[in-house]
Amino acid sequence: MDLSSLTGKSAAAGGATSAERKEAIKQQVSSELAMANAQQLITKATEKCYSKCIPAPGASLSGKEQTCLTRCMERYFEAFNIVSSTYVRRVSNERAAGAVAEAGL
């Protein structure tokens, strides 16, 4: 029985394998979070646009309702993309400013 995994001390090859597993888990968690966020975005957009565009549900959608849903979903996703890219840019700028400030110390 190899106890090196319990002590945290391992051979170089074992360390690489552990690092690879850790990276694979990070990637899987990241992927699952992205999927959950996408599902949440679609659900929210559907709820908002459905309540706005379909006042009285029926057996089928009218042309007006279909057009409204299409436009509403497009605008919702466009707004999400604008907000998301602005947020990412802002966080990136703040990190860069923080790195510059740390380097100056």
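Every residue, even glycine, has its Cβ placed from backbone N, Cα and C.
These features come from Swiss-Prot:
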REGION    1-23  region 'Disordered'
COMPBIAS  1-18  compositional bias 'Low complexity'
DISULFID  Cys49-Cys72  disulfide bond
MOTIF     49-72  motif 'Twin CX3C motif'
DISULFID  Cys53-Cys68  disulfide bond
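Note: the CA-CA distance between Cys53 (disulfide bond) and Cys72 (disulfide bond) rounds to 8 Å. Same-chain residues at least 6 positions away in sequence with a Cβ under 8 Å from that of Cys72 (disulfide bond) are, in sequence order, Ala45, Lys48, Cys49, Lys52, Cys53. Note: Cys68 (disulfide bond) has non-local neighbours Cys49, Lys52, Cys53, Ile54, i.e. same-chain residues 6+ apart with C-beta under 8 A of its own C-beta. Other Cβ atoms within 10 Å of the Cβ of Cys49 (disulfide bond) number 19 in total over all chains. The average pLDDT the prediction assigns to the motif 'Twin CX3C motif' (49-72) is 94. DSSP assigns Cys53 (disulfide bond) to a helix. A sphere of 10 angstroms centred on the C-beta of Cys53 (disulfide bond) encloses 19 other C-beta atoms.
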